[in-house]
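Student: Have a look at the structure that comes next, please.
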Amino acid sequence: MCGIAGFVDPPGQVRPRSQAQAILERMTRTLFRRGPDGQGFWIGGPAALGHRRLAIIDRAGGTQPMTNETGSLVVTYNGELYNELDLKPGLIQRGHRFATACDTETLLHLFEEEDIEFVRKLNGMYALALWDAPTQRLILARDPMGQKPLYWTLTPYGSFVFGSEPKALFEHPEVAREIDPDGLARYLVYEYLPAPFSIWRGLNKLPRASVLVWHWNARPDGPPCRPVITTLSGPPIQPARQHEAGRTPCDPSELRQRLITAAARHCRADVPVGVFLSGGVDSSSVAASVVDSGVFGRPDAVRTFSIGFDDPSFDERLHARAVAKALGTTHHERIFTAADLAALVPEVVNWLDEPFGDASILPTHLLCRFAREEVTVALGGDGADELMGGYPTFDAEPVARQFGRLPRPLRRLIQAGGAALPTRHTNFSFDFKVKRFLRGAIEPLPIPLRHQRWLGSFDGPELLDLLVNPPAVDVEAELVARGEALVGSSAWSEDPEAALLAWYQENYLAEDILFKVDRASMAVGLEVRAPFLDAEVLGWVQAIPAHFKRGKATLKRAMAGRLPRTILERPKKGFGLPVARWLREPGPLSDLADNLLSNQAIARRGWFRPDAVQRLLSEHRAGRADHRKPLWTLLALQLWANRWLPD
């Protein structure tokens, strides 16, 4: 895995090569963690492309940026192609010659044949930039599920600038580091920034499954063209009603075989490979598929990794051990404490250049750092929940629709009863689930908005109570409009389960889960791969009507007899932290909250009403409410702002 960055100067304003080189060096230096094994630069005409490399395959011959034989095309690329060996023979038949075993070269030859349509043939995770000198086009592309990030901006002076992370763009002299107030509001609602938005004014995330084409107006004195962004891979979920053949239950053994094949593809590397293992169905299925693929020979040649915490309700090591024993892997585990997490927080903020309110990035980073002691590539179970309705919110949706039919006075009475439940700070405690359910179900809401209220930190009214200056954008109305644009307004009533899967994949998977995994792993130079997001697994799962996949039923049937029943039947745990308890009880994280959420610290930024923040903190510590999510979202934002915003 790697980091990429670059820019294209406007016509008539091409800067000297030495100046372009200096800018590229500064941009790529910020991405050192993503690619510690080497760097490269290419400058030609108005275009300048840079690269930081984490060498995985063809460690000697895969230097980037890479050009084709004539030098007319150059690419800088972050990612991995899993079907490279399938693509090469056809390209060789058509006369293409290969000088390396690196998948980057395959991209160049494929582009020569297919132009921008080449991405339709890629099975992999990637973010890339390709300069087509004959047409003076810059082409950016991001993989179908958004596993790899890519940001871009058009500066006031006409330069087009891009990079794997915002901090790379800020090293370009024309890119300002300025917060977007609407981005701030979106962060508070989502806990992350959904594409195409970012927290930074003028900076855009390239959406998943997209290709961007940029070129200047042919007339030197004419205005610049706008970037053209095309979605080539189609929506992440096709409505089930389009798949008549899937109206009968699918054969789970086919999913099993596809996972084994995908796992084998994802293990291809010239460096050590391991598997994350939490003891849940998803990671256990990946570990079993790696063992059954035979790519490592003996089961004990497969290395699995898990971590735990000193709070039993959040610790899954016993389940991970049981799976490792059943599969025969060589298992590694480590336990962490609140002090370990508190010590990690400043380090995470140093490389996290967008605010991120999902606290699970901390254990994810600890797991990545632990695994990196032994391996350079790790396989994980990401994507299964969003593909097959694995979250408790999917089970809650039909209940919420029935609940909404109750008379309003009865719903209000139930809400009062839920609010009176004693607050407990264990993982997914009964009171937490009840109060979260009522938060999204007490009033009739559009389905995507209901789920965002279940998942997020602040709703619309809470946002207005918190912010000193109301945002220009109505984030919740925008959210509903984005949901309708994604699948069509009729899909939410005709096939709500399929629409929900699409919504989770577009937002929560791409911009929370995969963002988290990318940043947490790249910070230690670890490449994480997700076999559930392999194109052949995706295509098969997408063709199944949503009601057959509910609760990952298809996956559990596929793994029956291969994984222990206790693993298949246990409820989803999630990769959480005892944040609620740590914020309430004396300790390092509580002290951090006292410092960063104090009246003085809040007033310094001028974003929030100090009394609103103090009310959240006091209610949480008094046990009157569980405000773990909004408090952590605010805490993460304050930490981020202190590191990344100029005073």
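Cβ atoms here come from the backbone N, Cα and C positions, even for glycine.
Nobody curates TrEMBL annotations by hand; they come from automatic prediction.
What TrEMBL records for C2 is active site, for GATase activity. If you look up TrEMBL, you'll see D103 marked as L-glutamine binding site. Sequence annotations record features per position, and here TrEMBL assigns ATP binding site to I307. TrEMBL lists 2-190 with the feature domain 'Glutamine amidotransferase type-2'. Under the heading site 'Important for beta-aspartyl-AMP intermediate formation', TrEMBL lists D382.
Help me understand the surroundings of these features in the structure.
Tutor: In the three-state DSSP scheme, C2 (active site, for GATase activity) is classed as strand. All protein chains included, C2 (active site, for GATase activity) registers 30 other Cβ atoms within 10 Å of its own Cβ.
Cβ environment of I307 (ATP binding site): R317, E333, R334, I335, F336, P363, L366, L367, F370 lie under 8 Å away, each six or more residues apart in the same chain.
DSSP gives D382 (site 'Important for beta-aspartyl-AMP intermediate formation') a coil state; it is part of no helix or strand.
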Student: How big is the Cα-to-Cα gap, in Å, between C2 (active site, for GATase activity) and D382 (site 'Important for beta-aspartyl-AMP intermediate formation')?
Tutor: 20
Student: For the C-alpha pair, I'd like the distance in angstrom between D382 (site 'Important for beta-aspartyl-AMP intermediate formation') and D103 (L-glutamine binding site), rounded off.
Tutor: 23
Student: So how many other Cβ atoms are close to D103 (L-glutamine binding site), meaning within 10 Å of its Cβ?
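Tutor: Cβ-Cβ neighbours of D103 (L-glutamine binding site) within 10 Å number 25.
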Student: When the pLDDT values for the domain 'Glutamine amidotransferase type-2' (2-190) are averaged, what is the result?
Tutor: 93
Student: For D103 (L-glutamine binding site), name the DSSP secondary structure in the helix/strand/coil scheme.
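Tutor: Assignment for D103 (L-glutamine binding site) reads helix.
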